[in-house]
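A.B. asks: As annotated in Swiss-Prot:
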- LEU12, ALA13, GLY14, LYS25, ASN53, ASP70, ASP100: GTP binding site (BINDING)
- ASP100: Mg(2+) binding site (BINDING)
Amino acid sequence: MLQPTQTSWVILAGGQASRMGGKDKGLIELNQKPLIEHVIERLSPQTPRILINANRNQDAYSKFGFVFSDQFKDFPGPMGGIHAGLMHAETDWVGFVPCDSPQINTDLVERFCQAVKEDSDILVAHDGDHQQPVFTLYHKRVLPKLTAFLERGDRKIILLYKECNTSYVDFSDSPNCFVNLNTPEELAQFGQLES
């Protein structure tokens, strides 16, 4: 079985946050802490290697760990961060989570590791109803396919999944793990629930 110590995990904070009024979501505060800090608190007991993908405010993010930007400058969404993460991580297996999901499961990394098979390329979380494509674990061997995919201008992740050996990790017992805060209203509502 793949061990959590054999993985690296990247927090994806490279988006444009258009629904958050352009404010950098990872740095927006929830209960007096930046969202990214909530994610790190959940993730750091699970893995020794956490990296951050951010395309702006890199100095602010560097307080939390090693920061790198996308290689593709046209903001291809989370796929750009996944691509850059595969390039920067030192392990063969690289996991990804978004910066705006403060309730990540405390066993997320372990569940992904347990689901890895010898021929796995990509593992994607599934909440019982939907796949959660930014909660994922990639093997570095996917990098050439992902590079070609992005160079072609493709952005639909489902097409990449069809090119690779993709499987799904069951999180149907904990759908709240995937709550992400995309708007000021969602942030305010979630903050009231947490208080």
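Every residue gets a Cβ built from N, Cα and C, even glycine.
Provide an account of the burial state, proximal residues and distances for the features listed.
C.D. replies: Applying an 8 A CB threshold to same-chain residues 6+ apart, the list for ALA13 (GTP binding site) reads ASP24, LYS25, GLY26, ILE36, ILE52, ASN53, ALA54, TYR61, GLY81, PRO98, CYS99.
In the three-state DSSP classification, ASP100 (GTP binding site) falls within coil.
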A.B. asks: Out of ASN53, ASP70, which of the binding-site residues has the smallest number of neighbouring Cβ atoms within 10 Å?
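C.D. replies: Candidates: the binding-site residues ASN53, ASP70. Fewest Cβ atoms within 10 Å: ASP70.
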